[in-house]
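> Here's the feature list from TrEMBL:
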DOMAIN    1-189  domain 'Myosin motor'
BINDING   G62, E63, S64, G65, A66, G67, K68, T69  ATP binding site
Amino acid sequence: GIVLVAINPYEQLPIYEQDVIYAYSGQNMGDMDPHIFAVAEEAYKQMARSAEEKNQSIIVSGESGAGKTVSAKYAMRFFATVGGSASETNIEAKVLASNPITEAIGNAKTTRNDNSSRFGKYIQIGFDKRYHIIGANMRTYLLEKSRVVFQAEDERNYHIFYQLCASSSLPEFKDLGLSKCWHIPVLWW
C-alpha cells in the first residue's frame, strides 16, 4: 500500500484548508505532493469510484505526540467534504466529540508527553450508496491496564483518576456513590 510520513508541526498550517481538499479530490496518487489528503483520496477512490467498491483501511501510526489524532481528523474531513456530507452532517465533530471523554479515561502523563494516549483507536466510517458518510463507530484497544496500579517515576495515572480526586468535594460527587471507595493504600517497601 501507500506510505506517507508526516511530521506534526505543532501549529496550524494552511495546507489543510477546504481549497486543498478540493485540489486533491479526483487526483491520482503521485500527481500532487504527498499529503494526508492524497492518501484519503486514494482510499475514497478505491471504495467509491472503482468498479470493485472495496472496503479500505488507513492506518495512522506513530509515537506519542506525532499527530495521529489530527491526521485522522483531516482524513475524516476529506471524506465528509468529497462525499458531499460535510454540510449535511458535521460527522467529523460527531465522531470526535467523544475524544475528551476517551482521553480522560485513556490518556496519562508520560515522560515524553503530558497527554499521551495509552490506547489505540479504531474508527470505522460508514457510507451510503451515494458515498456520503452516514455514521461512524470508534473502538479502543490495548489499554495499558498496568498504569492503574503502577506508574514509572515522573509519570502519572490516567487523567480520570486526578479529575475524580479534584472533584470529590463537589456536591455532585455524592450522587455518584463513590465516596466510600476513596481509601488509597500506601505501600512502603
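Numbering starts at 1 and runs along the chain as displayed.
Using the three backbone atoms N, Cα and C, a Cβ is placed for every residue, glycine included.
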> With an 8 Å cut-off on Cβ distance to the G62, E63, S64, G65, A66, G67, K68, T69 Cβ center, who else from the chain surrounds the ATP site?
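Apart from G62, E63, S64, G65, A66, G67, K68, T69, the close residues are N8.
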> Can you tell me how many other Cβ atoms are located within 10 Å of the Cβ belonging to S64 (ATP binding site)?
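For S64 (ATP binding site), the count of other Cβ atoms within 10 Å is 15.
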> Validating a neighbour-count step here. Other CB atoms within 10 A of the CB of E63 (ATP binding site): how many?
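By my count, 11.
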> Return the residues near G67 (ATP binding site) by Cβ distance under 8 Å, restricted to its own chain and a separation of at least 6 in sequence.
A6, I7, N8
> Long-range neighbours only, meaning 6 or more apart in sequence with Cβ under 8 Å: which ones does G62 (ATP binding site) have?
K68
> What is the total of other Cβ atoms whose distance to the Cβ of K68 (ATP binding site) is within 10 Å?
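I get 19 for this one.
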> Take every residue in the domain 'Myosin motor' (1-189), average their pLDDT values, and give the whole-number result.
81
> If you count Cβ atoms within 10 Å of the Cβ of T69 (ATP binding site), leaving out that atom itself, what do you get?
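Here the count is 14.
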